[in-house]
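One structure is given here, and the rest of the page talks about it.
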Amino acid sequence: MKFYIATDHAGYALKSYVIELLQTKGHEVVDLGPSNDNRVDYPDFANKCSHAVLGDKGSFGILICGTGIGISVAANKNRGIRAALCHDAYTASMSRAHNDANILCFGERVVGKGVIESMIEAFCNTSFEGGRHSDRVNKIDGCQIGKID
Ligand code: RB5
C-alpha cells in the first residue's frame, strides 16, 4: 500500500517510528512533513496529506497530532476524504470495513507504540465491506447544508 504521512508538532516525534514501521511491512511511504518539531498549524498538514491522497487514487494517509482530533476534523473538510480518528485495532479495522477510511488518524499524546502498530496492522489488513456501507459512504459527500435533510 502507498501512504502519505503528515503530523503537526505534537505528532512529530512519532513520525519516523511510523514511517519505519510501514516500510518494514513493505509499504511505500511519502513524508509530507513537518521536518522538525517547531510549532505548526495542524490544518495545513491535514490539507497537504488530504490533497495528496485525493490526487493519487488508491493511496492512503496517516495523520498525527496531539489528540488526533484537530487533524482529523480538518482533513474531513476535504470532500472525498474519510479520515478516521482511531484509538485501537478495533476502531482502525472498522474504519476500513464500514467507513472505507482513506486516512488513519491518531494522537501522539493518547496512544503508545504497541497500539499504533496494532492499528496500522488492522487498517492495512481490512478491506471495505461495500454493500449497504457503500450507500452510507456515498451519502457522506452529500452531507452539506441543504443537501440531506
Ligand atoms: C497542539 O498543542 C494540539 O492542540 C494539537 O496537536 C491537536 O491535539 C489538536 O487537536
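Glycine is treated like the rest: Cβ placed from N, Cα and C.
Unlike curated entries, TrEMBL annotations are predicted automatically.
What you see is a predicted model, and the numbers here were worked out from it, not measured in a lab.
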Of the candidates ASN47, ASN99, the one that TrEMBL places in the D-ribulose 5-phosphate site of ASP8, HIS9, GLY66, THR67, GLY68, ILE69, GLY70, ARG109, ARG132, ARG136: ASN99
Residue among binding-site residues GLY66, GLY68, GLY70 with least C-beta crowding, 10 angstrom cut-off: GLY66
Cβ atoms near ASP8 (D-ribulose 5-phosphate binding site) (within 10 Å, other residues, all chains): 25
